[in-house]
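Annotation comment: Swiss-Prot describes Glu471 as active site, proton donor. The active site, nucleophile annotation in Swiss-Prot covers Glu547 and is backed by sequence analysis. The substrate binding site annotation in Swiss-Prot covers Asn113, Asp212, Glu471, Glu547, Tyr548, Ala549, His550, Asn614, Trp1017 and is backed by sequence analysis. The region 'Disordered' annotation in Swiss-Prot covers 33-53. The site 'Transition state stabilizer' feature in Swiss-Prot is assigned to His367, His401; the stated evidence is sequence analysis.
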Amino acid sequence: MTENPTTTAFNELQTRPLATILARNDWQNPAITSVNRLPSHTPLHGWRDADRARRGEPSDAVLSLDGEWQFSFFASPHQVPEVWLAADLSDARATPVPSNWQMEGYDTPIYTNVRYPIPVNPPFVPDDNPTGCYSRDIEVPQAWLETGRTRIIFGGVNSAFYLWCNGQWVGYSQDSRLPAEFDLTGVLHAGRNRLCVLVLRWSDGTYLEDQDMWRMSGIFRPVSLLHLPEQALADVRVHTELAPSLRHATLFSEVEVTPAACGLSVTLALWHGENEIASQTLPLGSAPIDERGNYAERVTLSLDVDNPLLWSAETPHLYRAVVTLLDADGMPLVSEAHDVGFRRVEINNGLLTLNGQPLLIRGVNRHEHHPEKGQAVDEAAMVQDILLMKQNNFNAVRCSHYPNQPRWYELCSRYGLYVVDEANIETHGMEPMSRLSDDPVWLGAYSERVTRMVKCNRNHPSIIIWSLGNESGNGATHTALYNWIKHQDPTRPVQYEGGGADTRATDIICPMYARVETDQLIPAVPKWSIKKWISMPGETRPLILCEYAHAMGNSLGNFADYWAAFRQYPRLQGGFIWDWADQAITRVEPDGSRWWAYGGDFGDTPNDRQFCMNGLVFPDRTPHPALFEAKHQQQFFQFRLVSENPLQIEVTSEYLFRESDNERLLWSIEVRGETRLSGELTLELGPQASRVLTLSDTGFSARAGDEEIWLHVRVEQPQATPWSPEGHLSAWAQWPLAAPLALPEPVAAGDAPQLEITDAEFVIRHGCQTWRVSRASGQLIQWSDDGVDQILTPLADQFIRAPIDNDIGVSEVERIDPNAWVERWKAAGLYNTEHRCLACDAQTTRDGVEIVAQHAYFVKGVADGPAILSRWRMVVDNQGALHCDIDIARSAALPPLPRVGVVCQLRGGEETASWLGLGPHENYPDRLSSACFSRWTLPLSELTTPYIFPGENGLRCNTRELNWNGWQAEGEFHFSLSPYGTRQLMETSHWHKLQPEAGIWLTIDGFHMGVGGDDSWTPSVHPEYLLTAREYRYRFTLRRRQG
């Protein structure tokens, strides 16, 4: 709770020595969350001009204190000398505010997910408690000293802090993610004023801030002074009500003035651009509340609005409400202004609705994190994230797991994103998680974090849901705070996942990582499949996954399954992917080279290594390939092939409110990646409308021998929007079309290849090509063309992959999960096999030379029979092509294989490769709905994905032809080309440490296991994407490039 001592008591404390103030030990007392901090309220700017307030121009009443402060660092608050309050210390260094001191060279950033970064002994924290001492000299305008009141506003300080001004103690605060304001009126004077802020890294609040993130400290959000007149607006709440017809609305503004005075009145004016829609002026004083009367300092104003433009993420129409306090003569004293969005959020008949329409949440979780600035995120970074989210078909964001800066909500309201605002509460590392949530000693601390969030942020139309916090179990505190919010703000639902995602403290079933079809029977809190959950007896609430599709590294497999379910079952209303961006930190070496660091790279303990990197984008916001899968599945236009002749498709708009007034549909028919027919038309669809479009009255006339015929459609925006550039691609689809039956064109017979047999090799020659197969190994050890070797290592079976994060799960050196795929592969010996050639024979046939080799793979040190058998049939034909037919048989004792394919190292050469298959981005068998079948060309550098923690990457599936360096591969296969071999990927901890090898590694897979992604700590690859068969067969052809 907030401690507000009597004036006499506090005046006595103000002048006490620093050591006396620190001896209060407020940071280890959950009953004290602040001292002398002002009550929470919606943001104030103190405009003296209502027009400037309406336009949102900078206020003369606000003085930013961002910039350089002097900073000294100590290992403990008790080491800070008293003299610091009067003058900077000799070791003080200029440090930017806002910033985290760990990003400025002090102390160590710590990344941990669940484990607390300190020994668990609430409310106590270690005596060794890193402490930052910030100081700055300021001058305030003389007019501010003569009249009115001046307060200082800290946007965010982690974890707790004390404030002094001119040597006098002003107050104390904790809760690192909400503003803290203090009145400085009595301590400011003319000339230089010295501000001193002592920030503690750890406090009892640390036990409530156990979020999965980097643990950093300091003044990391803006700091400013605000000057208000003696009679000022203390709080301004605005909210809207819509009639069921949506044609009539009322804007309410509940205003509080401090101090109350006779004769004051308040004006509420609503503006749309330069047009005033309506206004009202009322004297101060509320209607009677109870038998004891009314609030003299409050008034509620209301404006009726007909046919308002409604706010949604699709059509973010905003108005501006300006509230002005008038003196007894009707003269303006001060104004405040807020964006207003007319919208109604409800849960009706088991559906979350906005303006009467059921929402489909295309959401993502977002931490405030910047690779160079830590948790000090500026407006440019916020806008960058919002634009990328909108461009990739997201319509919602969850503030995981704490309130963001006020500017974030304003930007979401203006660009159009639905927001879940979440209280800064997580006790994931407690055992049980509910320990503090059910302890009345902590009730006040919990309560302030929830109630202050609501009071501060409730005016933002983008916020459609409140969240009580994250992963804190379920206690009586949650029920109490749920009821408080429902009483204070009945216009929004409340969600909370803790305690099983469906407790009485949530209006929405909001599980994390629940599967589509499979139950997870976790003790006490079973996690049902999402389809089952909504059908449980008596359950009528909507289900929205607060976290799903764990996007850690090479992930997001099975994502399409979620979206098929969302579209099939109305009460499955989407979810929030975990999460937006990799939380890595940029490190700069003395030579200027830069790389991205994760947990443990700073010597931080405890740490959870690379588990901070779960993003759809890299730290610099470059997309992961998984982002394209999310964009495609979430696209607002859905397509269906109706007929091939005439060529017709059906297009359905999933927009709820906007017409397709800026969309162009382009279509093409490709034959083996070459465009044969194309066209475009303007796409005109109303909200939620469908339309059949005829692309060609006569269909497509295929020629004899045509194959791989595909119809492609894409929707682009010809005009730029506030969030997208001209020509932005918003949706796409493709279908294979029927190919005519035809016999292949006969090929003139060429010269027969010649077979030479030596004691060691079978040597085959055809023209200027030579192939050598070792009789001992049964492997192709040389392929030369014009005397130039094409392969640097033998062409060999490959059954392993460099483990991806989803393969590793929670396994670490000190904590092994035997159920993780990588541990099962290790235990089965897949990474430690011994190859033996059982037989290798060659013969000349009518069509060429045939070599048949039998291979066996034994687990080293295991006396049992072979784990895997392979049979290769290699044929060099009279065209100089090498055909490889491969049969695989595996032991029933083996776990599912990561891959069934071949690998070799090729000589270097061309810088680009082209292929006919799925692309252009990386794709895997369970993550390929966004990839399109066509002919693609990319630089080799873009054929690998530089996941910060290296692993399997860069696969392109369903390939029919691959061309590189003068040769081509044909067949039906998946491939990758990489300068890094599997072993190096396995043995290297960071991408920047990889060293290009002598050539380029080629993998050709007949089969490849999925990557999974329902979560990253259980084996989440679905059965249909596991390689569990006992036998496999595939084939491919290698030849000199044709044409």
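From the backbone N, Cα and C atoms, a Cβ is placed for every residue, glycine too.
All features noted in Swiss-Prot, drawn onto the structure.
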residue: Asn113; record: substrate binding site; Cβ within 10 Å: 19
residue: His367; record: site 'Transition state stabilizer'; Cβ within 10 Å: 23
residue: His401; record: site 'Transition state stabilizer'; Cβ within 10 Å: 25
residue: Glu471; record: active site, proton donor; Cβ within 10 Å: 20
residue: Glu547; record: active site, nucleophile; Cβ within 10 Å: 25
residue: Tyr548; record: substrate binding site; Cβ within 10 Å: 26
residue: His550; record: substrate binding site; Cβ within 10 Å: 23
residue: Trp1017; record: substrate binding site; Cβ within 10 Å: 18
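If you take the CA of His367 (site 'Transition state stabilizer') and look 10 A around it, the recorded positions you hit from Asn113, His401, Glu547, Tyr548, His550, Trp1017 are His401. Between the alpha carbons (Cα) of the residue listed as 'active site, nucleophile' and His401 (site 'Transition state stabilizer') lies a span of roughly 11 Å. Binding residues for substrate (Asn113, Asp212, Glu471, Glu547, Tyr548, Ala549, His550, Asn614, Trp1017) extend across at most 18 Å, taking the greatest CA-CA distance.
DSSP classifies Glu547 (active site, nucleophile) as strand under the three-state reduction.
Counting only the Cα atoms, the space from Glu471 (active site, proton donor) to His550 (substrate binding site) is about 16 angstrom. Counting residues of the region 'Disordered' (33-53) by DSSP class, helix then strand then coil, yields 4 helix, 3 strand, 14 coil. Between the CA atoms of Asn113 (substrate binding site) and His401 (site 'Transition state stabilizer') there is a gap of 12 Å. A separation of roughly 20 Å, to the nearest angstrom, links the Cα atoms of Trp1017 (substrate binding site) and His401 (site 'Transition state stabilizer'). Put simply, His401 (site 'Transition state stabilizer') is 15 Å from Tyr548 (substrate binding site) when counted between their Cα atoms. DSSP assigns Asn113 (substrate binding site) to coil, not to a helix or a strand.
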